[in-house]
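Swiss-Prot has this to say about the protein:
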- D34, D90, E162, E164: Mg(2+) 1 binding site (BINDING)
- R74, E162, G235, D237: DNA binding site (BINDING)
- D183, D185, D237: Mg(2+) 2 binding site (BINDING)
- 99-120: compositional bias 'Basic and acidic residues' (COMPBIAS)
- 384-393: compositional bias 'Basic residues' (COMPBIAS)
- 1-108: region 'N-domain' (REGION)
- 99-127: region 'Disordered' (REGION)
- 126-257: region 'I-domain' (REGION)
- 340-348: region 'Interaction with PCNA' (REGION)
- 358-393: region 'Disordered' (REGION)
Amino acid sequence: MGVLGLSKLLYDRTPGAIKEQELKVYFGRRIAIDASMAVYQFVIAMKGFQEGQSVELTNEAGDVTSHLSGIFFRTLRMIDEGLRPIYVFDGKPPTLKASELESRRQRAEDAKHEFEKAKEEGDDEAMEKMSKRMVRVGRDQMEEVKTLLRLMGIPVVQAPSEAEAQCAELVKKNKAWAVGTEDMDALAFGSRVMLRHLTYGEAKKRPIAEYHLDEILEASGFSMQQFIDLCILLGCDYVPRISGIGPHKAWEGIKKYGSLEAFIESLDGTRYVVPEEFNYKDARNFFLEPEVTPGEEIDIQFREPDEEGLIKFLVDEKLFSKERVLKGIQRLRDALTKKTQGRLDQFFTITKPQKQVNSEASTAGTKRNRGAVALPGVLQRKSSSGHKKAVKK
C-alpha cells in the first residue's frame, strides 16, 4: 500500500517539489530500486487473457519466465540510458505489518472467488481484472531474479526488513542518488529523492515522477516528524486508518495541531473512532529508525557480465533464445565499455536557484543496525525468453 493518497496530495499541495522526467535524464545516476515492486510490475504487465484463459509469458517447457524477462529487458533499457540500477530485496516483514499482510492475503482470496464467479458468468473483462489481483511471486522466483542480476553484474542488496527503508538508507549514505519504487513510504523513510514509474515499460508512456523530500518539507512547512505523522494518518502499512479522515483533513490537522498526538486529542470521539490497534508511536519510530544494513557497510560494485553463466542459466535452464541472450550481453558490454562524459554536477558545485535536483534534505532517524546481509553486486544485461502460452488458472 505504501502511503494512501500521498502522491495526489503532494501534487495538490506541493506541486513544485515534483518533476516529470524522461529516463535519459538519469544518465550516470545510481538508483536503488525496490526489487519486489519491480518484479510484480513485470509479472502483472506480461499477464494476458485470451479465450477465457489466463496467459503468462512462458518458455517452450511451459515454465513461467515473465519475472526474468521483465527484469532482463528493463534493466537493459536503464543501462542503455546510462542509469546504474541497484536492486534491493525485501527481508523479513516487521511485526507491525502483520495486519496489512493478512489483509492482502484476504484480498487475494476475495479476488479468487470473484474470478470464479466471473468465469461462471462468462465475464472475460472481470476475469482478467481479478486474475491480475491474484498474482503472487514466490520465493523461488525472487531467488531466480537475484541469480540473473548477479550474472548480469548488477548489484543486489538483501535488506533485513523493508526494501524501501534499505533503499532510503543507501540514498542517505550517498550510495545511491534516488529510490525507485511505487510505494510513497520511501519518502517517510527519509529518501531525499524518490522516482515513480521508473520500471514501467515503454507501452505505458508515462513520465517518471521525481519527488524531492527537502522541497516537500520546505513547501509544506512540516518537520520530518510531522511529515511522518501525516503519512501515518493518511494510511500506511503499519497501522489501521482512522475512518473518515481524508487526505486534506489529515494535512490541515497536522498543520494546525503540530503532531499526531495533539490531532487525535482534538477529534470528536462521537464522530471519529481511533482503532484500538492504532499504534502510531511504534509506526513513527519504525519510520525514523527502521531495521537496515548501515549504508557504509554495503559495497556497491558493478561488474562484467558472466557470459558463460548467463548462457547456462537463461538458455540451457530457462530455454531463452540464445541469440537474444547474446544480443543482450553485447548491449550491456557496449554500455559499460562506452567512454561517456560524467555528469557535470559530479565535477562542479552548482548554486541552487529556487529548485535544485541535487538538493540535500534533512533526514531524520538513525538505524537499528541488525543482522542484514549485503549480497555482492554484479552488472549486466539479459535478453528475453520464450513464447506466450496459455496457463490455465
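Backbone N, Cα and C atoms are what each Cβ position is placed from, and that goes for glycine too.
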Out of D34, D185, give me whichever of these binding-site residues has the highest number of other Cβ atoms within 10 Å.
D34
D34 (Mg(2+) 1 binding site): nearby binding-site residues from D183, D185, D237, Cα cut-off 10 Å:
D183
Count the residues of the region 'I-domain' (126-257) that DSSP assigns to helix (H, G, I), to strand (E, B) and to coil, and report the three numbers in that order.
69 helix, 15 strand, 48 coil
Fewest other Cβ atoms within 10 Å: which of the binding-site residues D90, E162, E164, D183, D237 wins that one? Let me know.
D90
Take every residue in the region 'I-domain' (126-257), average their pLDDT values, and give the whole-number result.
92
Other than D34, D90, E162, E164, which residues of the chain come within 8 Å of the Mg(2+) 1 site, judged by Cβ distance to the Cβ centroid of those residues?
S36, M37, V88, A159, A163, A165, Q166, C167, T181, D183
Through the lens of DSSP with three states only, how would you label D34 (Mg(2+) 1 binding site)?
strand
Taking just the CA atoms, what is the gap between R74 (DNA binding site) and E164 (Mg(2+) 1 binding site) in Å?
20
Return the count of C-beta atoms lying within 10 angstroms of the C-beta of G235 (DNA binding site), excluding that atom itself.
21
What is the interatomic distance between the Cα atoms of E162 (Mg(2+) 1 binding site) and D185 (Mg(2+) 2 binding site), given in whole Å?
10
E164 (Mg(2+) 1 binding site) and D185 (Mg(2+) 2 binding site), distance between Cα atoms, whole Å:
7
Taking the Cα atoms as reference points, how far is G235 (DNA binding site) from D90 (Mg(2+) 1 binding site) in Å?
21
Can you tell me how far the Cα of D90 (Mg(2+) 1 binding site) sits from the Cα of D183 (Mg(2+) 2 binding site), in Å?
13
